[in-house]
Structures are given as C-alpha cells and as structure tokens.
Amino acid sequence: MSAEGQEELLDYSDSEEIAVPSNAPEAGADGADKDADKKGSYVGIHATGFRDFLLKPELLRAIGDCGFEHPSEVQQVCIPQSILGTDVLCQAKSGLGKTAVFVLSTLQQLDPVPGEITTLVICHTRELAYQIRNEYARFSKYMPDVKTEVFYGGIPIAKDIEKLKNKDTCPHIVVATPGRLHALVEEKAIRLNNVKSFVIDECDKVLEAIDMRRDVQDIFRNTPHQKQVMMFSATLSQEIRPVCKKFMQNPLEIYVDDEAKLTLHGLQQYYLKLDEKEKNRKLADLLDSLEFNQVIIFVKSTSRANELNKLLVASNFPSIAVHSAMPQEERIARYKSFKEFNKRICVSTDVFGRGIDIERINLAINYDLPNEADQYLHRVGRAGRFGTKGLAISFVGSKEDEEVLEKIQSRFDVKITEFPEEGVDSSTYMNT
C-alpha cells in the first residue's frame, strides 16, 4: 500500500445547507497554542458564549484557560448540531476554528471506557496528526481519564501495537494517518467496534488520493454502521463533496466563502516579478528589511528546501528546513523547534502548506509559486491566522508563474498587487 508514500509526497439530498456570511470573525478556539493569559479578541456576530452550548464544565474550564470567550461563526453553526451526533461536512477558510469543532464535540460526547476506542480522527500528514493530538490534550486537560494517541508511519508499528493491546495504554481517541491506521487494521491490532465518532480533517486531500481513499474505505467498513461522521477542509470542490457525503447520513453542510473570495482577515498580499537568479538576493533583502515574528518560505522541492536553508544559515539567518524527505523523528523535532520559537525562519515544501497552525507566523513567502490556486490559499493561510495581521509575498519568475497568479486572483476574486519599491508599512501586517 502506498498511502504512506502519498503522504510523503504531499503534492498529493435532504441535507441542510447553510451559507455562513463571509464576514465571519476569524477567531474562536482554534488549533494554535495560545498563552493562557492571552484573551481572544474576536467576538462572534451574535456574541454567543461557549457556555451557551451547555458543554461539560471540564471543557468550559479548559476553553477559559486558553483565553477563548466567544466562538467563531463556524463554531456557532456547527457545535450545537455536532454535539448531538449530527453528521457534519464543513468547508471554511483557514483560521476559522474548524479543528475545535470536532475536538470539543467529540470530547463532549465521550464517556471513556478503559480499552475502548470511541473517536477516530484521520488526517493526511504526520504534522497535522501531531497537532490535532495536542489540541485534544489542551481541551481535555481537566478530563484526566481521557487518553489520546497519535499513530503515523515512519516509526516501528510494533510500538503502536503494544500501546493498543494494553488496556491501560489503549487510547479512547485515535488520531492517525490513513496508511498507518490501515496497517493496524490489517494486522488486527486495533479494535474499532466501539467507534462513535469518525472524523476526517483536510478531507479533500485525504479522499482525492485514490490510495488514501481506499484505505479510508477499508477503515470505515471496520467501524459500526451507527456513528457520527464529520469532515472538514479549507477547500471542498464541487467534485469531492459527493464523495464525502457517501460516508454520511443527512449531513449538516456548511460552506463558508463558498469557492469565492480569499478574504483572510488582516493578510496583505503582494507579488514580486524577478528572474530565478535574482530570488536569493531579493529574499535576503526582504528578511533584512521586513519586521516579522516568524516567517515560512515555500519552495517546490525538497532539494531546493535544503539548498535554500543552507544558503540562509551561511548568511547568518536563523533558518530551519522541514520537508517530507526527512526521517520522521527529525521532521517532528524540527517542526517542534520552529513552533517553540527556537528558529524564526522555516524553509518548507507543501508539507507545511495545509492545516499547520503556528501562531507567531506573520510572514509567508512563496519563493516558488505553487502549481495550483488552492495550494496558494493553504500556504498564505499560515500567516494572519486567529485574527492576527500578516503579510504574503510571492515571487513570480516565469510565464507559468504569471499564469498561476492570474488563476489565483480569478479563483478567489482577490487583487494581488506588486510589492512597492519603498516597501510596506509594518503597521499594516504587524500587530501592535
């Protein structure tokens, strides 16, 4: 089976339909680590509080510790239905709190029994799985009996099997990539007969890849017929929606900014036309002249990531590279190092292009433009998340790049202007 390899590449009707207004606030309990004393400043349109959802006291206490007071618009629409066990299909742009919808909903419904797995969360990369596990840890901090484990390829499967067969270490919540989870099912090492919640995050990426979809179908068949199914993504094409709904029964469908505008709150977007040979000098100039907390620089291949990172380090820039060709443990260690602010600059392939939440990133640079417009959304969405400001700059070095830039502007009805010669005022993209 090659789904693990697919992850490595990473360039890989009676339902109720609700269109949430595109001016929804960009905050709420989402997937980034926030200091406990830092209060979320964005308020939902209806000023609903999390207490209105009648969540468990333990959950409300954890939400309060994170500094969240009001749910985002997506959370206001989804959570009241999802905590009742309704199937959910949700598409909303980055930073609107989709992760917290399924984390809070599944924890609300969870009644932990030793040795029984009741919640299954599938995602397409190891970093995202690791991050979701951390979200469960944050929101279940006052639920000491709840155990969550993450399973992904690149480490010996024997360790996973050992955890699963011991009632004391077997988790109630499993977060996993499709390849490793399918392997555990094939080995009969994991029992899914008690699963009550089946979640796929970034579901379009999981279900568009044929190998991953087959794995998910096999896993799905090993779970009970009666269960809740929830799927989430920042992009859901008209073609993939029917595929998602085949797993569901009369789902609540939420489409925010339905294939329309790229309106990432507070994100300034520019492009720079230059030749390939000019990219390194211009990048160094930008890193010297721009103010930023952390920056992520996207390139199109692992070899370019390594070479650019070497160049930056040699030029005394605090840089680190993260890409899918690295050994698994090193990749996770580098991700953690960047997230914990040990490095301010990260050079990455699209392994960081979807779902990864690092709150301090407020500058995203496309050293190489992506091939697809949707991938641009996921990349630049790393900056300006959670109601913060941000800046995105794309290098345009070829006719093909110009065509992609046109597609991005057309696809999302957004005007991306040329980066001014005099630069930009830091107050437009830096939080004061």
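For all residues, glycine too, the Cβ spot is worked out from N, Cα and C.
Copied over from Swiss-Prot:
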COMPBIAS  1-17  compositional bias 'Acidic residues'
REGION    1-35  region 'Disordered'
MOTIF     48-76  motif 'Q motif'
DOMAIN    79-254  domain 'Helicase ATP-binding'
BINDING   Ala92, Lys93, Ser94, Gly95, Leu96, Gly97, Lys98, Thr99  ATP binding site
MOTIF     201-204  motif 'DEAD box'
DOMAIN    266-427  domain 'Helicase C-terminal'
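The average per-residue pLDDT of the prediction over the motif 'DEAD box' (201-204) is 94, rounded to a whole number. Helix, strand and coil content of the motif 'Q motif' (48-76), in residues and according to DSSP, is 17 helix, 0 strand, 12 coil. According to DSSP, Lys93 (ATP binding site) is assigned to coil rather than to any helix or strand. Remote same-chain partners of the motif 'DEAD box' (201-204), defined as residues 6 or more beyond its termini with a Cβ less than 8 Å from a stretch Cβ, comprise 98-99, 102, 121-124, 128, 132, 231-237, 240, 244, 354-355. Neighbours of Ala92 (ATP binding site), defined as other CB atoms within 10 A of its CB across all chains, total 27. Note on Leu96 (ATP binding site): other Cβ atoms within 10 Å of its Cβ, all shown chains, come to 27. Neighbour count (other Cβ atoms within 10 Å of the Cβ, all protein chains): 29 for Gly97 (ATP binding site). Residues in the motif 'DEAD box' (201-204) partition by DSSP class (helix H, G, I; strand E, B; coil) as 2 helix, 1 strand, 1 coil. Around the Cβ of Lys98 (ATP binding site), the number of neighbouring Cβ atoms within 10 Å comes to 30.
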